[in-house]
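J.: This is the structure I have questions about; it appears just below.
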């Protein structure tokens, strides 16, 4: 992914219409201005308290760690390890009775030449009319002479999605026949091989968004939620897009309810974090810049996006230190729980008995 500042003159015009930022944060040379999220009357359905408590106690931490271990190897597109990880993801979901399609295509990449890419598309009901799409990328960055594992980028997000499918097997069964269902999407080729640009990055996302646009399938996506750079301690998330702000507030609400019930781990079991984590999902929105990532081809085609990526990025981003040692398992377990409950609330709240 890459940080981008928007066109200067356009942004100056937009800034004049925005509330005064409370503060600024800086990351990789780019400045993000934060504005408070306005309080709105939107109140989507919530899970009943008994259901929320019941689902909060569902977990399989051992499976999550095993999934991370399986994926946490160098997995550059075109390598044997890349195929191993792809087959692991595909088989894991097929074993859980998901319908899995591998969208294969080839493209030319700098340095590497012609490469074969494979997006993984898993659905509970391939004939559903609408989908909540949870997504991440599974390739790792090409770094000659360096063993780059990409723990946060994006072994942990991949493992979180597989763990969600594992933990929620029973709860997701109704979605095999419902009009609204769940899709797990693992993009290939997110990383650039030489220098990030329109033809050297997000290969899988660019291909799939274009394909689905021509096939008329993008209209079936309620919202695409993209997970990236997760697993390091003390992340801070923000709302990037106004049209999904109500759903950002819902995931923020899930975190708040879990914290009040003391169901979030407060200390890191990995020893990475030396203090209690602060709130993950911040009560501010970013309005003056955005991050290039797998969501961009879908955003340009008017698909609603919820981008779950921490700002600032983890300090180990695109370095050999993005390995197992950076993973804070308290944070990882907490985020996995929040995302599971958010998905259940989105998909099931309207049908649950109050």
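Just so it is clear, glycine is given a Cβ too, placed from its N, Cα and C backbone atoms.
Dumping what Swiss-Prot says about this protein:
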ACT_SITE  190  active site, proton acceptor
ACT_SITE  228  active site, proton acceptor
BINDING   153, 191, 318  Zn(2+) binding site
DISULFID  136-158  disulfide bond
TRANSIT   1-8  transit peptide
J.: Would you mind reading off the Cα separation of residue 158 (disulfide bond) from residue 190 (active site, proton acceptor), to the nearest angstrom?
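T.: The separation of the Cα atoms works out to 13 Å.
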J.: What is the number of other Cβ atoms found within 10 Å of the Cβ of residue 153 (Zn(2+) binding site)?
T.: 28
J.: Which residue among the recorded positions 190, 318 has the fewest other Cβ atoms within 10 Å of its Cβ, if you could check?
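T.: It is 318 that, of the recorded positions 190, 318, has the fewest other Cβ atoms within 10 Å.
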J.: Nearest to residue 153 (Zn(2+) binding site) in three-dimensional space, by Cα, is which of the recorded positions 136, 190, 228?
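T.: Of the recorded positions 136, 190, 228, 228 has its Cα closest to that of residue 153 (Zn(2+) binding site).
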J.: Do you see any of the recorded positions 190, 191, 318 whose C-alpha is within 10 Å of residue 136 (disulfide bond), and which ones?
T.: 190
J.: Tell me whether residue 136 (disulfide bond) sits in a helix, a strand or coil according to DSSP.
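T.: Strand, per DSSP.
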J.: To the nearest whole angstrom, state the Cα distance for the pair residue 190 (active site, proton acceptor) and residue 228 (active site, proton acceptor).
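T.: Rounded to the nearest whole number, the Cα-Cα distance is 11 Å.
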J.: At the level of the C-alpha atoms, what whole-angstrom distance separates residue 191 (Zn(2+) binding site) and residue 228 (active site, proton acceptor)?
T.: 12
J.: Could you tell me the C-alpha distance between residue 318 (Zn(2+) binding site) and residue 228 (active site, proton acceptor) in angstrom, no decimals?
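T.: A Cα-Cα distance of 13 Å.
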J.: Counting across all protein chains present, how many other Cβ atoms fall within 10 Å of the Cβ of residue 228 (active site, proton acceptor)?
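T.: Result for residue 228 (active site, proton acceptor): 23 other Cβ atoms within 10 Å.
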J.: Determine the Cβ neighbour count for residue 191 (Zn(2+) binding site): the number of other Cβ atoms within 10 Å of its Cβ.
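T.: Summing over all protein chains shown, residue 191 (Zn(2+) binding site) has 25 other Cβ atoms within 10 Å.
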